[in-house]
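Below you'll find the structure, written out as structure tokens, and then a few comments.
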Amino acid sequence: MLPTPVYNFSAGPAVLPDAVLRTAQNEMLDYNGTGFPVMSMSHRSDVFMSILHHAEQDLRTLLDIPDNYKILFLQGGASSQFNMVVMNFANGFKRVDSVVTGNWSSVAHKQMGKLSDAEIHLAADGKALDYLDLPPENTWDIDRHSAFVHFASNETVNGLQYGELPRPGADMPPLVCDMSSDILSRRINVRDFGVIYAGAQKNIGPAGATVVIIREDLLERCSERVPDVWNYQTHINRQGMHNTPATYPIYIAGLVFRWLLAQGGVAQIETVNALKAAKLYNAIDSSGGFYINNIRPGARSKMNVVFGTQSPDLDQRFVQEADAAGLKLLQGYKSVGGMRASIYNAMPLQGVEALVGFMQDFQRRYG
Ligand SMILES: *Cc1c(COP(=O)(O)O)cnc(C)c1O
């Protein structure tokens with residue numbers, strides 16, 4: 001037993017609920033009396049098909065996903081989706097609109113142009129705002145004939161999040177959203193989106209599975225020229241079994257979905273997440289300038305809280321001492337520096353309270 005609880009603030013692969021890990025541990029060698037580990041059973045077995053089916057159904061319930069949306073659990077991570085959305089949905093289009101708000105949407109912007117006949121048009125760039133605020137939807141330069149509009153709901157590295165999600169106007173192209181780091185953290189209206197995708201390792205499960213939610217009518221754009229492994233229509237035609245899916249990550253994701261339902265679903269976790277974020281930002285804002293976060297309050301992420309002191313040396317000391325106190329992996333992203341506390345769904349309120357307590361103590365000693 002460790003003397004004090006350990007809290008993991010990793011940005012990803014991130015903390016998973018203890019209860020989920022315990023269930024996985026109990027079922028590790030013998031899943032549900034089958035005599036097999038989930039890791040070692042055929043993905044086409046009835047047992048695994050049922051795991052996949054239930055994961056999908058529970059995700060549908062949690063996000064209230066309408067029947068005209070398909071759900072896939074693919075491999076390749078969120079990064080693979082930067083290209084898959086273009087290969088499948090920009091086919092025959094001249095332009096894709098792309099909104100850049102920080103690190104990940106910027107990577108997406110650059111990658112989307114590769115092997116693409118369509119122009120990837122920079123519809124808005126948060127650079128002019130030093131990535132401390134988000135360009136509002138009404139400033140996006142959108143062409144209604146574009147294949148789609150790509151953006152990220154939460155910038156994991158920069159700590160920015162669209163508090164109010166963009167809503168497509170009637171003659172707007174479909175919204176394609178990278179929700180890797182805030183999916184299932186709050187209620188959303190899936191009907192506002194053409195495609196939602198998310199790598200699992202932030203808020204869903206272990207790395208290896210990528211959730212893609214696709215509005216059915218967009219599948220008409222998929223061309224047979226797109227190789228099967230990159231082709232959404234192929235994956236859907238074969239019920240997610242075109243090639244071997246990431247069976248174990250999907251199983252864990254299913255346990256996380258069940259855990260979320262038991263917590264009261266997304267509406268309940270949204271309330272807890274708001275409380276966690278408020279406590280942490282309040283600790284920063286009430287520190288008299290000892291801790292700094294310069295992001296406009298309305299654009300602050302409730303998932304990734306980026307902060308620092310005035311001094312990189314002090315930041316380093318903070319990270320080291322926090323680690324010794326059981327508050328793990330608080331160092332900021334390499335290009336940003338400072339600290340980053342990722343407080344995804346599985347981070348309990350007590351973890352945030354422990355961090356706030358440590359911040360106050362650290363400031364008393366070094367402030
Ligand atoms: C982590 C992350 C990615 C990259 O995910 P991979 O699964 O490593 O490809 C993309 N977008 C966002 C918003 C992320 O947080």
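Backbone N, Cα and C define each Cβ position, glycine as well.
Quick look at what TrEMBL lists:
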BINDING   Arg44  L-glutamate binding site
BINDING   Ala78, Ser79, Trp104, Thr156, Asp178, Gln201, Asn243, Thr244  pyridoxal 5'-phosphate binding site
DOMAIN    6-355  domain 'Aminotransferase class V'
MOD_RES   Lys202  N6-(pyridoxal phosphate)lysine
Site of maximum Cβ density within 10 Å, from recorded positions Arg44, Ser79, Lys202, Thr244: Lys202
Those residues of the chain, 6+ apart, with a Cβ under 8 Å from that of Thr156 (pyridoxal 5'-phosphate binding site): Ala11, Gly12, Asn103, Trp104, Ser180, Ser181, Lys202, Ser301, Met303, Asn304, Ser342
Close-lying binding-site residues around ligand 1 among Trp104, Asn243, Thr244, where CB distance stays under 6 Å: Trp104
For Gln201 (pyridoxal 5'-phosphate binding site): DSSP state (helix, strand, coil): coil
Those binding-site residues, out of Asp178, Gln201, Thr244, that come within 10 angstroms of Arg44 (L-glutamate binding site) at the Cα: Thr244
Cα-Cα distance maximum in Å, computed over every pair in Ala78, Ser79, Trp104, Thr156, Asp178, Gln201, Asn243, Thr244 that the record assigns to pyridoxal 5'-phosphate: 30
Cβ contacts of Asp178 (pyridoxal 5'-phosphate binding site) (under 8 Å, same chain, 6 or more positions away): Ala78, Gln81, Trp104, Ser105, Ala108, His150, Phe151, Ala152, Ser153, Tyr197, Ala198
Listed binding-site residues (Gln201, Asn243), ranked by Cβ neighbours within 10 Å, top entry: Gln201
For Ala78 (pyridoxal 5'-phosphate binding site), the number of other Cβ atoms found within 10 Å of its own Cβ: 25
